[in-house]
Amino acid sequence: MTEQNRNNVLSKNFNHVGAYSSLYTICQIVGLLLVFSVFYWILNFRGGFGFTEAKIIFNWHPLLMTIGFIYLFANSILHYRTFRNCKKRDLKNHHAIIHGCVIVLVILAGWASYASHIYSNPPIPNFYSLHSWLGIVTISMFLSQFISGFVSFMYPGIAAQYKEAIMPYHVFFGIFNFILAVATSVLGFSEKLIFALDREYKNFPKEGMFGNFLGLLSIFYCGLVVYLVTKPEYKRQPKPEDGVLLTGALE
């Protein structure tokens, strides 16, 4: 490669990193806005948070799910491209730790929903709606991804050929899992608004319009994340210190 070609490649990489950083900043703003908006919705329209009443206990569910299954999940799959100058092994550890935090939040969110149904008077049945079914599928897929990823990429002694074979599936199902999590959340927002507002929903109440905004903001955030994580030009370039560690598409 000539000096001129090398300079052109470096210039393109620099431009791509700059573009990624700008879009990533926008993505962070949108993600934090989504989390704050859910908090605002619950605080101002749904009675706030607590552990004394069933309907108040439930309010932890959408907030914790939004933080865990949307915001943190997104940051975990963008982590490789965002901190591209870190060592590959460190990035893998960070990726696993963030996923572990997601699992903790999801368990707490699931408990909030289940407990609120049990303590309601009369009790509310569990796991009958499409939202709950998709939630079970999303959580099951996430746990499967976490376990298979931990065994395949964190556990020592796994053959490089096996890692190379499993990586495309790990990447695809990781992105698909995130999209499914957002879709399930949007369905959950809609379900909650319909149950809470009933016939008033069709009269364009403030809470109904704000809830619709939450759904649109979630979809927009999802689009930004998927674009950033699938655009080849934003991929982290392998470094010499990566050694035999594999380079995945999420990078």
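Even glycines carry a Cβ here, placed using N, Cα and C.
TrEMBL lists 26-230 with the feature domain 'Cytochrome b561'. Averaged over the domain 'Cytochrome b561' (26-230), the predicted model has a pLDDT of 95.
Look at TrEMBL and you will find 21-43 (among others) tagged as transmembrane segment.
Per TrEMBL, transmembrane segment is recorded for 63-83 (among others). Note on the transmembrane segment (63-83): residues 20, 24, 27, 31-32, 34-35, 38-39, 42, 49, 91, 94-95, 98-99, 101-106, 108-109, 112, 138, 142, 174-175, 177-178, 181-182, 184-185, 188, 218, 221-222, 225, 228-229, 234-236, 248, 250-251 of its chain, located 6 or more positions outside it, place their CB under 8 angstroms from a CB of the stretch.
Feature annotation from TrEMBL assigns transmembrane segment to 95-114 (among others).
Annotation source TrEMBL lists transmembrane segment at 134-155 (among others).
Residues or ranges marked as transmembrane segment in TrEMBL: 167-189 (among others).
Residues or ranges marked as transmembrane segment in TrEMBL: 209-229 (among others).
Long-range neighbours of the transmembrane segment (21-43) within the same chain, counting only residues 6 or more positions beyond its ends whose Cβ lies under 8 Å from a Cβ of the stretch, are 49, 59, 62-63, 66-67, 70-71, 74-75, 78, 82, 207, 210-211, 213-214, 217-218, 220-221, 224-225, 227-228. Here the transmembrane segment (134-155) has long-range neighbours at 69, 73, 92-93, 96, 99-100, 102-103, 106, 110, 127, 162-163, 166, 170, 173-174, 176-177, 180-181, 183-184, 187-188, 246, meaning same-chain residues at least 6 beyond its ends whose C-beta is under 8 angstroms from one of its own.
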